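Trainee: Before I ask anything, here is the structure I am working with.
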Amino acid sequence: MTHFPVNIASDKQEFDPERWAKTPTTESSVNGENGTAPTSGLPSRHPSTGISVLIVGAGMGGLMTALECWRKGHDVAGILERSEGPVYSGDIIVMQPSAVSIIRHWPDMLHDMKAEQVHAVVSYETHDGRHIYGPTVPSFNDPEHLETRKGPFVAPAQVRRKFYRMLLRQVARCGLRVEYGKTVKSYFEDEKDGKGGVIIATTGEAEVRVADIVVAADGLKSPSEILIAGQHVPPRSSGLSIYRTAFPKDLAMQNELVRKRWSDSPPIWEYWLGPGMYLGVFVGDDIISFGFTPRDDIVEGTATESWEPDTDPETVAQAMLSGAGDWDPAVLALIRSAPKGAIVHWPLLWRDLRREWTSPAGRVVQVGDSAHSFIPTSGNGGSQALEDAITLATCLQLAGSSQRAYLGTKIYNLLRYERVSCAQKMSFVNSQLKTGTDWDAIWKDPAKIRTRFPKWIFQHDPEAYAYEKFGEAFAHLLDGREFVNTNYPPGHEFRAWTVEEVWRNIADGKRVEDLLDGDWS
């Protein structure tokens with residue numbers, strides 16, 4: 001079997017800060033005015049807080065935490081990553097404006113993102129080729145939402161590899177180094193000394209690292225859960241899984257049916273909706289990506305939470321045909337054009353959200369998937385991880401000193417928990433929209449098929465919100481004064497919920513969207 005090269009650790013020295021101290025703005029040889037090299041610019045740093053921050057995990061949430069902590073005046077004591085080098089897993093991602101508005105402060109990343117994001121249109125089809133709606137744009141780019149937006153224009157799609165490399169370049173330009181091959185096996189804190197720490201797995205004597213604040217950005221099943229919650233949160237099956245991949249467009253265009261449908265197409269993101277399943281197809285200038293989401297009773301075999309690309313394209317095609325025998329032939333041809341060794345089969349597992357994301361003394365704090373997992377089809381996991389990073393760095397800045405840094409983590413947790421809980425519930429809304437489609441309603445008003453991107457999510461500014469609410473949150477934690485978050489749906493009366501509760505409603509034939517109180521639009 002010929003394997004497509006994905007999920008392989010790349011050169012760990014490529015982003016050494018010494019290589020990026022005086023480089024052009026982008027990877028490409030873009031010229032500045034009159035043929036000169038463009039200048040590279042770092043944002044102004046806020047005054048030093050004296051707070052040392054150790055970050056575990058060099059995914060997008062961890063890297064953005066490092067960048068924003070650097071900008072806010074904290075001392076980034078290290079970025080530890082268990083992989084042996086950068087790993088470019090994943091394919092096409094959605095980044096919502098709330099997460100990337102902060103890039104307006106970063107000139108290099110602003111330039112890179114504008115140059116590299118994909119201006120695709122979005123279209124919706126039935127599995128057998130009947131057109132439903134589109135071409136259109138994500139609702140966050142409807143004209144009425146663009147006039148007052150801060151930060152860069154946000155295209156419908158980001159190529160994950162390019163977005164991730166943009167963050168790695170910026171980290172290097174700030175003089176920060178990712179330490180690869182560092183597997184953290186446990187977290188601890190010392191309340192008396194006001195420190196958090198980690199123990200790194202080694203073949204010899206254990207390596208210990210400490211800082212005022214330790215940020216666990218190491219994803220699902222982070223060892224930090226043991227310190228914070230006492231145990232790992234068990235996952236629950238959603239009854240769905242996803243096959244996903246990305247590969248060079250040229251490979252797919254060797255097939256006549258694929259060429260006939262997509263060879264002259266501008267960049268497009270299509271959703272093909274079938275009975276109890278759907279397929280997302282992204283066709284860009286140089287890559288093709290797809291994600292097929294069936295019910296578990298349609299497929300054979302068991303998916304595992306691993307980005308190991310070990311699924312044969314024909315397995316995906318047969319799973320599609322077992323659920324519906326009349327798929328559009330061009331779609332099946334596209335699936336079969338994927339190279340072997342490039343497709344991941346990932347279970348869509350849910351984990352009930354924990355209220356606490358910090359250790360008892362507040363010296364260890366979680367961001368991203370380690371705090372709150374989102375299923376890969378949510379279109380919101382990366383955005384919420386970046387919102388976490390921005391909020392945490394700002395709260396630490398407002399805490400003001402290493403002695404009070406623990407208050408910053410506690411306030412960050414208070415500001416984020418309810419918002420993330422509501423954002424997770426939107427994942428159910430969008431999943432049900434595509435796998436349990438109300439066709440009578442859709443054919444009467446096809447625009448209702450659009451993926452839901454709520455205003456309360458994409459119009460949020462996490463940095464401004466932290467500045468606005470820090471004082472109230474501080475008073476709440478110290479004196480018990482009333483505190484109300486305003487970063488979730490207007491009019492919604494927040495209450496905690498469980499995955500089991502939502503699935504019980506779905507099993508009873510209820511639509512999650514119909515059960516929401518307040519304005520979730």
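In case you wondered, yes, glycine gets a Cβ from its N, Cα and C as well.
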Trainee: Just to be sure I read the record right: Val94, Arg160, Asp369 are listed as binding FAD in Swiss-Prot. Which of Gly151, Gly175, Gly382 is listed for the same site?
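Mentor: Record check against Swiss-Prot: FAD site with Val94, Arg160, Asp369, extra candidate from Gly151, Gly175, Gly382 is Gly382.
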Trainee: Using the alpha carbons only, what distance in Å do you get between Tyr271 (active site) and Arg244 (active site) once rounded?
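Mentor: With distance taken Cα to Cα, Arg244 (active site) is 14 Å from Tyr271 (active site).
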Trainee: Using C-alpha atoms only, work out the spacing between Val94 (FAD binding site) and Arg244 (active site) and round it to an integer in Å.
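Mentor: About 15 Å separates the two Cα atoms.
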Trainee: At a 10 Å cut-off from the C-beta of Arg244 (active site), count the other C-beta atoms across all protein chains.
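Mentor: Step by step: centre on the Cβ of Arg244 (active site), count other Cβ atoms within 10 Å, giving 24.
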Trainee: Could you give the Cα-Cα distance between Arg160 (FAD binding site) and Arg244 (active site), in whole Å?
Mentor: 13
Trainee: Please count the residues of the compositional bias 'Basic and acidic residues' (11-21) that DSSP assigns to helix (H, G, I), strand (E, B) and coil.
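Mentor: Breakdown, helix to coil: 3 helix, 0 strand, 8 coil.
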Trainee: So how far apart do the FAD binders Val94, Arg160, Asp369, Gly382 get, largest Cα to Cα in Å?
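Mentor: Taking every pair of listed residues, the largest Cα separation comes to 16 Å.
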Trainee: Using DSSP and three states only, what is Arg244 (active site)?
Mentor: strand
